[in-house]
Amino acid sequence: MAKLIYLDNAATTQVYPEVLDAMLPYFTEYYGNPSAIYSFAGESKKAVDEARANVAALINARTEDIYFTGGGSESDNWALKATAEAYESKGKHIITSRIEHHAILHTCAYLEQKGYEVTYLDVDEDGKISLEELEKAIRPDTILISIMSANNEIGTIEPIKEIGKIAHDHGVLFHTDAVQAFGHIPIDVEEMNIDMLSASGHKINGPKGSGVMYIRKGVKIRSFIHGGAQERKRRAGTHNVPGIVGIGTAAKLAKENMEERSAKEIALRDHLIERVLKEIPYTRLNGHRTDRLPNNANFCFRFIEGESMLILLDQAGICGSSGSACTSGSLDPSHVLLAIGLPHEIAHGSLRLTLSEKNTMEEIDYTVDELKKIIERLRGMSPLYEDFVKKQNQ
Ligand SMILES: *Cc1c(COP(=O)(O)O)cnc(C)c1O
């Protein structure tokens with residue numbers, strides 16, 4: 001098999017060697033429980049504090065407002081379920097969008113069963129919500145707006161600052177699932193009026209199972225995991241010290257290198273998009289052309305079935321995805337692609353390639369060359385394509 005070309009960084013990323021190096025001593029050498037009194041545990045406590053400061057610095061938050069969790073999904077669940085409970089007496093209405101990650105959508109469905117009402121905002125053909133519709137959806141009993149910072153499938157960046165302003169003006173809490181944005185694009189919880197934010201370590205070259213929740217001072221939120229007094233009594237459980245050091249180090253590196261990283265990724269992404277759109281006919285780019293994550297490309301190829309394309313790409317050593325990792329294994333087309341208005345048959349032929357700064361132009365060129373052959377081959381076997389070509393030639 002050819003060398004592995006990993007283009008699925010929205011699903012997960014490699015733990016960077018610097019991150020692993022920082023984590024290792026906390027497994028074997030400094031294994032103390034940071035909640036213990038003796039000075040040996042002080043090393044672990046210091047590491048957790050430092051990680052918290054690094055995460056806070058990345059999003060311009062107060063260090064005390066950062067809470068460590070077991071990942072992005074946990075943070076999303078916590079934000080929604082615990083605010084829903086805490087603000088029940090004010091109202092039971094939540095606003096979100098149709099293109100959220102399932103960690104948000106399935107939590108909303110759960111809350112609907114519990115008697116909450118959820119408004120799912122539509123998005124335009126690029127995947128952006130409408131600020132007017134958002135404002136119109138706010139009611140006296142609205143307690144929370146939860147809109148993702150950037151979409152994990154099509155890469156579209158939402159107008160977070162404007163959403164935060166609307167939420168703030170109406171006295172409604174604003175949570176953002178920033179799992180794809182955190183460490184990839186600038187986020188400032190002050191400037192953007194963000195009250196709560198979810199992030200995950202493994203999407204920014206940190207370890208899996210490490211997450212963050214930012215909770216602005218003054219937000220009433222219940223504890224989600226009950227138990228010990230860790231994390232200011234808001235998230236019980238012995239600290240995952242190596243994981244916390246991992247996400248903290250990844251956040252620090254992301255802050256230091258963000259500009260350089262995204263410039264590299266944008267150059268690769270734009271080359272990929274340009275070549276694919278130019279060289280493969282009947283192709284569309286999904287997501288906003290410029291307001292998109294630096295590393296995201298998402299296409300639909302007409303007359304192609306996504307799964308077969310992924311299998312053939314895999315045979316060429318290329319890891320890509322159609323839709324999100326969470327929906328693979330199901331035959332339903334992506335809810336995101338349907339929400340931007342694509343018909344089922346086109347949404348089925350989607351391919352998401354998400355890059356990292358460590359990819360090279362050679363890898364991108366090889367990928368496009370292989371993809372061209374694969375699409376040609378699959379279309380050659382498609383009766384729909386054959387009919388289409390016949391009609392074109394009539
Ligand atoms: C990956 C992802 C999540 C889930 O994060 P985990 O750490 O894998 O639980 C949530 N939201 C978005 C947008 C994601 O991309």
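Every residue gets a Cβ built from N, Cα and C, even glycine.
Keep in mind that TrEMBL annotations are predicted by a computer and have not been checked by a curator.
The shown structure was predicted, so the numbers you read here are calculated from the model rather than taken from an experiment.
Feature annotation from TrEMBL assigns pyridoxal 5'-phosphate binding site to Gly72, Ser73, Asn152, Gln180, Ser200, Gly201, His202, Thr238. Residues or ranges marked as domain 'EF-hand' by TrEMBL: 121-144. The annotation N6-(pyridoxal phosphate)lysine is assigned in TrEMBL to Lys203. Look at TrEMBL and you will find Cys326 tagged as active site, cysteine persulfide intermediate. Annotation comment: TrEMBL describes Cys326 as [2Fe-2S] cluster binding site.
A separation of roughly 9 Å, to the nearest angstrom, links the Cα atoms of Gly72 (pyridoxal 5'-phosphate binding site) and the residue listed as 'N6-(pyridoxal phosphate)lysine'. The residues of the domain 'EF-hand' (121-144), classed with DSSP into helix (H, G, I), strand (E, B) and coil, number 7 helix, 6 strand, 11 coil. Spanning the listed pyridoxal 5'-phosphate site, residues Gly72, Ser73, Asn152, Gln180, Ser200, Gly201, His202, Thr238 have a farthest Cα to Cα distance of 30 Å. Fewest Cβ neighbours within 10 Å among the binding-site residues Gly72, Gly201: that distinction goes to Gly72. In the predicted structure, the domain 'EF-hand' (121-144) carries a mean pLDDT of 98.
There are 11 other Cβ atoms within 10 Å of the Cβ belonging to Thr238 (pyridoxal 5'-phosphate binding site). Fewest Cβ neighbours within 10 Å among the binding-site residues Ser73, Asn152, Gln180, Ser200: that distinction goes to Ser73. Closeness to ligand 1 is met by Ser73, Ser200, these being the binding-site residues among Ser73, Ser200, Gly201, Thr238 whose Cβ falls under 6 Å from the molecule. Neighbour density around each Cβ, counted as other Cβ atoms within 10 Å, peaks among the recorded positions His202, Lys203 at Lys203.
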